[in-house]
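Shown next, in C-alpha cells, is the structure this report addresses.
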Amino acid sequence: MTLPNLAPIPELYVSHESALKLKVEAATLPSWDLTARQICDLELLMNGGFSPLKGFLSEADYNGVVDNMRLADGTLWPMPITLDVSEKFAEGIAPGQDIALRDQEGVILAILSVTDKWEPNKAKEAENVFGADDLAHPAVNYLHHTAGKIYLGGPVTGIQQPVHYDFKARRDTPNELRAYFRKLGWRKIVAFQTRNPLHRAHQELTFRAAREAEANLLIHPVVGMTKPGDVDHFTRVRCYEAVLDKYPQSTTTMSLLNLAMRMAGPREAVWHGLIRKNHGCTHFIVGRDHAGPGKNSEGKDFYGPYDAQDLFKQYEAEIGLTMVDFKHMVYVQERASYFPANEVPEGCTVLDISGTELRRRLREGLDIPEWFSFPEVVSELRRTSPPRAKQGFTVFFTGLSGSGKSTIANALMVKLMEMGGRPVTLLDGDVVRKHLSSELGFSKEHRDINIKRIGYVASEITKNGGIAICAPIAPYTATRRAVREMIEAYGAFVEVHVATPIEECEARDRKGLYKLAREGKIKEFTGISDPYEVPGNPELAVDTTGVDVDHCAHQVILKLESMGLIKG
Ligand code: PPS
C-alpha cells in the first residue's frame, strides 16, 4: 500500500523574528484592509491550504485558471484566488510595489509584492468559472456587486495568521492535520466537506465511505463563508460535536476549515479536493450536487446533480486524491436504515426530508422524526431557529416617492404593536434621512449608502428578535438584494413593492416635489430624472390607487400570517 505523503508542506510565513521586523517596516506601506472573503483566502494561501499558490494570482495565472483551470505553468487550479480592490486604491499602486494586507481591525497579516494589476473581464470569469453570468449565483453576484473592479496579483509574505476566538482547538492548519495523522498512524484518510448540519443520512454516508475506503474519517466543515442563508457556523459546530460521538471511537476526527466557498459546483469540487490533499487526506467524498448554488434566474439548477463527480473523476489522478462518490442517501422504512437512492430494495418505502422541508418544520415548530436526525442536533437547531412566529423579521417597503409607503408602514406598525409580542421599529425614508443619513444626497452612491445603513439596522433588529419596518424608495435591485442577504442571515425579509403608478404619485404630489422635479429644480428625482428598478419578485405588491390604507396594511398582515411570521 502506498503511504500518504504526510511530510510538512511549504507555508508562506516568515520566521517569528523576521515577522516582528517586517511588521515595523510594513507600517509605512500602503495598506489594504482585507474583506472577510479575502481574509479566508489569505489564511489558506499562507498556511499551505492553497498550495502550490504562492500568493494572489498574477494576470497570466488568472487567465489560465479562467480559461482552462490551469496556472500559466500548466498546474491544475480551478478557482481564481484574486485580490480585488477598488479603482481608487488601485490608482496609487504600481507593479513593483509592496502593500500591507491588514485584517478588519487593522492588524498586518501579510505583505503583497505586487507584480500585476489589471481590470478583469468579470462577465467572462462568471461564464467560465461559475457556468453563467447570472446574478442568481451567489458568487456571480459577489463578483459584480461586492468585489472591487481591479485585481492585484503577486507573491505573499506571511506575517501572522488571522486571529480566531472561536473553537480554537478545532482549527488546524494543513501541517497540524498532517502531524496529527502521522502521530496516530492514519494511512488512509477520507475527508468529508460540509456546510450544513449533519443528520443521520450524512453520518451514515460518511461512515460507509470510510468503511468502503478502509480509511479513517475527517469531518472537515467549512466555517469561513458559505451560502448566504446557511445555518451559522457556531450552531453547526455544536451540532458536529454532538454527531462525532456517534462514530466508532478513534476512527474519526473533526477539524474546521476557514474557507470562503464560491458554490461553484464541479470546479469547486476539484478545488476542495486539492485543498484536502494539502491537508494530508487521501480520499474525498463527493456527493449529490456538491457545492451547488441552487436555482438560476430561470428557476433551473445551475449544474446537474452529478456534474461535480464527473469533473472530479476526470482530474482525479492530477488532484492526487481518490474520489468516494455517493448517491443521495434515503431512509428505507421496512429496513429501518439508510440506503443510497439507487440501491433501495424493491417494493420498500423510502422516507426523506429535503433541506427546504427541514427548514419549514423548524420554522413552524413541527416534529422532526428520530429517523431523520439526532435529538441533540435537533435541539441545537431549535435553539437557534425558534419557530418563525417567535423570530425577528423585516418588512421592506419600496416604491416611488408619494406611492404610499410611509402611510402603509405606519398603519402596519400600529397593527403589529396592537398584537404585541415583539418590539416594532419603523425606519421610514424621511426619518432615516434626518437621523441616520443627514449628510447624504440622492446620487446613486449616496442612495446605496443610505439603503445599506437601513439594511444594517434592520438586520440587527431582526437578529435580536424584533420587527423592523423599512420604507425607503430603495430604487436599485442590487442594493435591495444586498439588504435581503444581510437580513435573511437572521430572519425573514418581506419585500413589499408599493406599486402605485408614477402618474398617480405625481397627481397626488403630497410634498410638491414632483412639480419641482419637472421644473428641474430637484435633480436626480426618482421616476423623473433618476431610475426606479421595479422589483422582479417581491413577496407582495400593492397598488394604493383608489384603495384605502387600512386595506393595504391588512394585505401585508395576511402575507405575514401566510408566511408564519405572525399568528392569526
Ligand atoms: S432612497 O433612494 O431610498 O435613498 O430615497 P429615500 O431616502 O427613501 O428618500 C426619502 C425622501 O426624499 C425625498 N426626496 C427625493 N426622493 C427621490 N429623489 C430625489 N432626488 C429626492 N429628493 C428628495 C422624497 O420626499 C422621499 O420621500 P418619500 O417618502 O419617498 O416621498
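Note: Cβ is positioned from N, Cα and C throughout, glycine not excepted.
Record features (TrEMBL):
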- GLY399, LEU400, SER401, GLY402, SER403, GLY404, LYS405, SER406: ATP binding site (BINDING)
- 8-160: domain 'ATP-sulfurylase PUA-like' (DOMAIN)
- 171-383: domain 'Sulphate adenylyltransferase catalytic' (DOMAIN)
- 391-543: domain 'APS kinase' (DOMAIN)
Chain-internal residues near LEU400 (ATP binding site), provided their CB is under 8 angstroms and they sit 6+ positions away: ILE473, VAL498, THR500, ILE502, CYS505, THR526, GLY527, TYR532
SER401, SER403, SER406 as binding-site residues, winner by CB count within 10 A: SER403
Close-lying binding-site residues around ligand 1 among LEU400, GLY402, SER403, where CB distance stays under 6 Å: GLY402
Residues within 8 Å of the GLY399, LEU400, SER401, GLY402, SER403, GLY404, LYS405, SER406 Cβ centre (excluding the ATP site residues themselves): ILE473, VAL498, THR500, CYS505
Neighbouring C-beta atoms (10 Å sphere around the C-beta of GLY404 (ATP binding site)): 26
Under 8 Å by Cβ from GLY402 (ATP binding site), counting only residues of that chain that are 6 or more apart: THR500, CYS505, GLU506, ARG508, ASP509, ARG510, LYS511, LEU513, TYR514
Cβ neighbour count within 10 Å of GLY399 (ATP binding site): 30
PLDDT averaged over every residue in the domain 'Sulphate adenylyltransferase catalytic' (171-383): 94
